[in-house]
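Everything on this sheet refers to the single structure shown next.
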Amino acid sequence: MSPSPSSLSPRRVAIVGATGAVGREMVNVLHQRGFPVAELALFASERSAGRVLETPFGEKTLVAFDADVVKGYDIVLLAVSGEFAKQHAPTLASAGAIVIDNSSAFRYDPEIPLIVPEINADALGSSKLIANPNCTTAILVLALGPLHRAFGLKRVIVSTYQATSGAGAEGMAELEEQTRNQLAGRPVTNSVFRHPIPFNVIPQIDAFQENGYTKEEMKVTWESRKILGIPDLLASCTAVRIPTYRAHSESVTVETIRPVTAEAARAVLAEAAGVKLTDDPANGVYPMPLNATGEYDVEVGRIRANPVFGDNGLDFFVCGDQLLKGAALNAVQIAELTL
Ligand SMILES: NC(=O)c1ccc[n+]([C@@H]2O[C@H](COP(=O)([O-])OP(=O)(O)OC[C@H]3O[C@@H](n4cnc5c(N)ncnc54)[C@H](OP(=O)(O)O)[C@@H]3O)[C@@H](O)[C@H]2O)c1
């Protein structure tokens, strides 16, 4: 039996971006999972320096990021922008810290492992810099990985329903404030999202690429291939922002190499690590963001044969807390692998 995290030698942990949507969850997850923390330091921008946060580890004063200080920590969890990560992560890692980066800066670098522990922990290697996947992808591969092992994946088509917190703390604030404005008959403006988000769905997340897909959509293809170890996987995603706070939902269609049935898929997913089979539609039981919020496991349900692909087709619905499995939880799980 492997030792529990709390029986291992404690590490000095730094969270950079500790005031953000992801950073705040990282503090909670480290505590909930009993990560062996010798010292926890919380870093953010100059704007937040000196603010005191109540945390499960006690009161913590936020410190302005300083690379020379942060590089002395054993584990650095980065929850900042890609530009910031590009500028600082390699330096921190070459100084000896294990750096787990939540941005997309290093995910497509063949030398940098991109890890979802339930799926490809063996790809970790000895790299000091490790990439955490895009939130939609992390949630998706928890279902795709076991299905691939059992039936072989040929093609994947995904449509997403992504919560406002996927755009950070400011995304949630915009939903809340603009919904109030809308209901009070005041003008509704938008700055985080391209269009007003209350009572709307926006089929654009991130910038459009030359091929007509958005970058968010292409991340799902690129990252699923790398994590699942299927470089030629055919995958297409449509990513849509919806006016919920938290937890991303995904409607998924797969074509498999070997025949699959809904019953066989259900049996595989019932045993899959990190998955909660949530599939009793007759009783109104299926994955939903309100139920998945705050949960570590990703809900999978509405599993049914897809008639377009005959004996090799499956449809299902997935819902996972993207701030947890799509970010903070996955990052802490990676940190646990390094203990
Ligand atoms: N939200 C999600 O669902 C999600 C999921 C997976 C991955 N990610 C990725 O995780 C990262 C963080 O996302 P988020 O949603 O948590 O963003 P967020 O809520 O906007 O938080 C950003 C954090 O970065 C800090 N920051 C900004 N500039 C800084 C600087 N110069 N020095 C130090 N800290 C600085 C901010 O501190 P101040 O408060 O002081 O400005 C804040 O703590 C991004 O790369 C994002 O793409 C997000």
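Keep in mind that glycine also has a Cβ here, set from the backbone N, Cα and C atoms.
Under the heading active site, acyl-thioester intermediate, TrEMBL lists Cys135. There are 28 other Cβ atoms within 10 Å of the Cβ belonging to Cys135 (active site, acyl-thioester intermediate).
Residues or ranges marked as active site, proton acceptor by TrEMBL: His248. Around the Cβ of His248 (active site, proton acceptor), 30 further Cβ atoms fall within 10 Å across all displayed protein chains.
Of all Cβ atoms in the shown protein chains, 27 besides its own fall within 10 Å of the Cβ of Ser165 (NADP(+) binding site). The DSSP secondary structure for Ser165 (NADP(+) binding site) is helix. Positions annotated as NADP(+) binding site by TrEMBL: Thr19, Gly20, Ala21, Val22, Arg47, Ser48, Ser165, Gly166, Gln322.
Taking all protein chains in view, 21 other C-beta atoms sit within 10 angstroms of the C-beta of Arg107 (phosphate binding site). Mapped onto three states, the DSSP output places Arg107 (phosphate binding site) in coil. Per TrEMBL, the feature phosphate binding site maps to Arg107.
Per TrEMBL, substrate binding site is recorded for Gln162, Arg241. The number of other Cβ atoms within 10 Å of the Cβ belonging to Gln162 (substrate binding site), over all protein chains shown, comes to 26.
Sorting each residue of the domain 'Semialdehyde dehydrogenase NAD-binding' (12-127) by its DSSP state yields 39 helix, 32 strand, 45 coil. Positions annotated as domain 'Semialdehyde dehydrogenase NAD-binding' by TrEMBL: 12-127.
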Nearest-integer angstrom distance between the alpha carbons (Cα) of Arg107 (phosphate binding site) and Gln162 (substrate binding site): 21
Nonlocal neighbours by CB distance (under 8 Å) for Arg241 (substrate binding site), same chain, sequence gap 6 or more: Gln162, Thr164, Gly166, Ala167, Phe193, Ile197, Val201, Ile202, Gln204, Ile205
Contacting recorded positions, sequence order - Arg107, Gln162, Arg241, His248 vs ligand 1, Cβ under 6 Å: none
Cβ-based isolation winner (fewest other Cβ atoms within 10 Å) among the binding-site residues Thr19, Gln322: Thr19
Most Cβ neighbours inside 10 Å, all chains, among the binding-site residues Ala21, Arg47: Ala21
In sequence order, the binding-site residues (Thr19, Ala21, Arg47) whose C-alpha falls within 10 A of His248 (active site, proton acceptor): none
